[in-house]
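Input: a single structure, listed below in structure tokens.
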Amino acid sequence: MASESSPLLAYRLLEEEGAAFPASGAGGPGGVSARKLSTFLGVVVPTVLSMFSIVVFLRIDATGPSGLRVLPQGYGWSLLYGSLLLGLVGGVCTLGAGLYARASFLTFLLVSGSLASVLVSFVAVGPRDIPLPPRPGPNGSSLPPRLGHFTGFNSSTLKDNLGAGYAEDYTTGAMMTFASVFAVLFNGCTGIMAGANMSGELKDPSRAIPLGTIVAVAYTFFIYILLFFLSSFTCDRTLLQEDYGFFRAISLWPPLVLIGIYATSLSASMSSLIGASRILHALARDDLFGVILAPAKVVSRGGNPWGAVLYSWGLVQLVLLAGKLNTLAAVVTVFYLVAYAAVDLSCLSLEWASAPNFRPTFSLFSWHTCLLGVASCLLMMFLISPGAAGGSLLLMGLLSALLTARGGPSSWGYVSQALLFHQVRKYLLRLDVRKDHVKFWRPQLLLLVGNPRGALPLLRLANQLKKGGLYVLGHVTLGDLDSLPSDPVQPQYGAWLSLVDRAQVKAFVDLTLSPSVRQGAQHLLRISGLGELLPSSEE
């Protein structure tokens with residue numbers, strides 16, 4: 001059985017507590033057992049903070065209450081601010097998972113405090129009118145200032161907010177739809193893989209990932225539902241549609257909301273960057289894309305893949321050039337949906353193949369849920385952006401074709417072979433010898449080959465005679481297994497299969513060891529084939 005020695009598998013799945021990586025592994029020379037994170041720090045905290053990443057779409061106005069400009073604005077300034085923050089995030093991730101875990105825990109405390117202040121503010125703050133951000137009018141003029149209303153808990157406000165009522169996004173000027181709103185809100189679900197991305201850093205990945213992820217998802221789901229309910233009960237539609245940063249206006253202490261937004265954004269960025277760098281490092285070590293990912297192989301003496309972090313940092317820096325987050329949200333969501341569809345498809349394939357090493361412990365797992373996940377992801381991709389969906393699927397196809405052409409690591413195994421085995425076995429069992437009929441007869445050949453070097457014409461002739469029937473190449477190796485240290489037949493299968501490929505024939509190979517050619521031929525006549533697929537020995 002081929003061992004699963006691929007770096008991608010070894011780094012992300014197979015590390016156990018106290019185990020050390022090999023000298024060339026992701027853990028660096030000799031392995032590093034110290035970089036182990038608990039379920040809370042390694043899974044719950046980064047997943048929660050990543051799933052709160054929707055706050056990056058809350059707009060922070062450039063003017064304060066007095067109308068004074070706080071920071072210079074514009075595309076260049078926004079790019080500069082983003083680059084500086086990305087540099088900070090990249091620096092933390094470059095220094096290793098330990099510093100990242102401490103920074104994540106600090107931001108978790110800040111976000112929790114900010115969130116608590118927002119929830120208290122919904123109850124403690126009385127009704128008030130809130131000035132809305134100015135909107136540009138025709139010919140560069142500004143429209144008259146307008147007000148949004150925080151009504152406090154009011155059933156009429158809730159009733160007015162129950163309908164869809166899609167309006168124009170005041171930051172981009174685009175008309176919002178269900179697909180565009182879904183694309184923005186879906187970014188709050190993309191952190192579900194944050195714990196799995198850090199599997200190589202966890203003490204007990206098999207327990208920490210499912211437990212931590214479920215806890216984090218349940219917690220964030222409850223918080224989101226609570227915020228949706230409180231907002232729709234207390235804020236009129238105008239305020240919700242015209243001021244994405246309305247939490248500050250209704251907060252008891254507005255600076256705390258800003259702190260929470262910045263902290264969540266930084267933490268979500270750190271989680272995405274360090275998770276992506278780990279995956280990129282594993283892909284680079286597997287040589288899946290050759291020299292393109294060669295810089296991502298570099299690791300520090302302590303085992304931190306800082307080369308992959310810098311590589312990921314450079315890719316994110318290119319993304320910052322896009323500028324508008326709402327414009328980018330659709331593309332990001334589509335790529336996430338492609339990734340989730342691929343995960344669902346992998347689980348579906350393993351379940352359909354009945355792979356004995358695929359034993360999910362989640363009691364609600366079923367191939368029906370996998371199929372529903374694949375179909376849902378594909379449907380939402382095309383609803384959000386047909387062009388981006390088609391482009392992403394085309395890119396996936398090109399990458400798959402490239403990997404197939406280059407030939408992936410054989411130690412990974414191929415799920416296609418497991419699926420084929422499952423189907424072949426199933427249909428072989430359905431072949432019933434009692435239902436044979438002469439009008440469906442076809443030749444099933446066993447060709448005994450002594451010297452394969454001079455038998456290519458004979459191999460091709462028999463291949464033409466088989467007419468869709470069974471074709472077996474047999475060879476007898478003279479010898480007695482009792483007097484030999486090992487079986488000399490097994491090492492020969494690879495050479496015979498290469499001969500089949502070179503001759504371009506559709507044949508199976510069956511080899512045997514016998515004291516004489518006559519006895520060997522009798523062995524092959526009796527044991528070749530399987531089920532109803534047997535050489536024709538009586539016709």
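Glycine is no exception: its Cβ is also placed from the backbone N, Cα and C atoms.
Annotations in TrEMBL come from automatic prediction, not curation.
Predicted, not measured: the structure shown is a model, and the values here were computed from it.
Under the heading transmembrane segment, TrEMBL lists 40-60 (among others).
Summarising the annotation, TrEMBL assigns domain 'Amino acid permease/ SLC12A' to 72-446.
Annotated transmembrane segment per TrEMBL: 80-101 (among others), in sequence order.
What TrEMBL lists as transmembrane segment is 108-126 (among others). Long-range contacts of the transmembrane segment (108-126) within the same chain: residues 45, 48-49, 52, 150, 152, 223, 226-227, 230, 234, 247, 250-253, 256-257, 259-261, 263-264, 267, each at least 6 residues beyond the stretch ends and with a Cβ under 8 Å from a Cβ of the stretch.
According to TrEMBL, the transmembrane segment annotation covers 174-196 (among others). For the transmembrane segment (174-196), same-chain residues at least 6 beyond its ends with a Cβ under 8 Å from one of its own Cβ atoms are 12, 42-44, 46-54, 56-57, 164, 166-168, 202, 208-209, 212-213, 216-217, 220, 224, 268, 271-272, 275, 326, 329-330, 332-334, 336-337, 339, 380, 383-385.
Residues annotated as transmembrane segment in TrEMBL: 208-230 (among others).
According to TrEMBL, the feature transmembrane segment maps to 250-275 (among others).
Outside the transmembrane segment (328-350), and at least 6 residues removed from its termini, the chain residues within Cβ reach (under 8 Å) are 57, 179-180, 182-184, 186-187, 190, 193, 319, 322, 358, 360, 365, 367, 370-371, 373-374, 377-378, 380-381, 384-385, 388-389, 392-393, 396, 415, 418-419. According to TrEMBL, the transmembrane segment annotation covers 328-350 (among others).
According to TrEMBL, the feature transmembrane segment maps to 362-382 (among others). Using a Cβ-Cβ cut-off under 8 Å and counting only residues 6 or more beyond its ends in the same chain, the transmembrane segment (362-382) has close neighbours at 179, 182, 186, 210, 334, 337-338, 340-341, 344-345, 347-348, 351-352, 388-390, 392-393.
Residues 288-289, 330-331, 334-335, 338, 342, 378, 381-382 of the same chain lie 6+ residues outside the transmembrane segment (388-405) yet bring a C-beta within less than 8 angstroms of a C-beta in it. What TrEMBL records for 388-405 (among others) is transmembrane segment.
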Tertiary contacts of the transmembrane segment (208-230), as residues 6+ beyond its ends and Cβ separation under 8 Å:
38-40, 42-44, 47-48, 51-52, 115, 118-119, 122, 188, 191-192, 195-196, 199, 202, 361-362
